[in-house]
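Read through the structure below, which is laid out as structure tokens, and then see the notes.
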């Protein structure tokens, strides 16, 4: 009984997290649930339960904008964002074999709260992965991963075809499809905010440094517990 209850709670958490890619396009609507995905689609690797689309979006060979809305459902007070590229047509569904090539350094988004919220986050110029050169007509898939606060990874994709910069087939980037909402913030992935004792200001410290300090407490705690035995 307890196991089934925990599974239901975990499934509810998974179903509560959704992201929409607003530019350059979107593989398709995976905000829904159905018999195959009773708790929602977006937790399914690699593209949130959707197979390759033939309705590809044109994107410059030198890179371009990516815009998304991270807070469609609850559970996004904070989240980690990853943007990856899958290359080619050799995968099982005619798309990439994997999504192994990072396009940006992972970062954290900070929303206004845990409840659903409107808001758009824009990366105005995302380069193609280092070491790759693409030519007109090459196919790829951009994968957006949102690691939500409850621990679930949510996946959305857009299938692209590369074209030269300035090609008129590339959708125009403007203030309506690529902008940063004022109630959304961003931070380095491994940076946290702490309030220093006796001071009314926030200081930034790395998570690694925090873990190092915690490691120093472990022998003291262990010794205290041993004395209590």
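Even glycines carry a Cβ here, placed using N, Cα and C.
The Cu(2+) binding site annotation in Swiss-Prot covers 18 and is backed by similarity to another entry. If you look up Swiss-Prot, you'll see 47-157, 122-178 marked as disulfide bond, on the strength of similarity to another entry. Per Swiss-Prot, the feature N-linked glycosylation site maps to 55, 98, 139, 174, 180; the stated evidence is sequence analysis. Marked as GPI-anchor amidated serine by Swiss-Prot: 206. Residues or ranges marked as signal peptide by Swiss-Prot on the basis of sequence analysis: 1-17.
Calculated from their C-alpha atoms, the gap between residue 122 (disulfide bond) and residue 180 (N-linked glycosylation site) amounts to 5 Å. The Cα atom of residue 47 (disulfide bond) lies nearest to that of 98, taking the recorded positions 55, 98, 174, 178, 180 as the candidates.
Rounded to the nearest whole angstrom, the C-alpha distance between residue 174 (N-linked glycosylation site) and residue 18 (Cu(2+) binding site) is 24. Between the alpha carbons (Cα) of residue 139 (N-linked glycosylation site) and residue 55 (N-linked glycosylation site) lies a span of roughly 12 Å. When the Cα atoms are compared, residue 180 (N-linked glycosylation site) and the residue listed as 'Cu(2+) binding site' turn out to be 18 Å apart. Recorded residues residue 18 (Cu(2+) binding site) and residue 178 (disulfide bond) have their alpha carbons 19 Å apart, per Cα-Cα distance. On a Cα basis, residue 98 (N-linked glycosylation site) lies 12 Å away from residue 157 (disulfide bond). When Cβ atoms from all protein chains are considered, those within 10 Å of residue 157 (disulfide bond) total 27, not counting its own. When the Cα atoms are compared, residue 178 (disulfide bond) and residue 98 (N-linked glycosylation site) turn out to be 27 Å apart.
Residue 18 (Cu(2+) binding site) falls within neither a helix nor a strand when secondary structure is assigned with DSSP, and so counts as coil. Listed in sequence order, the residues of the same chain lying 6 or more apart from residue 55 (N-linked glycosylation site) and placing their CB within less than 8 Å of its CB are 25, 159.
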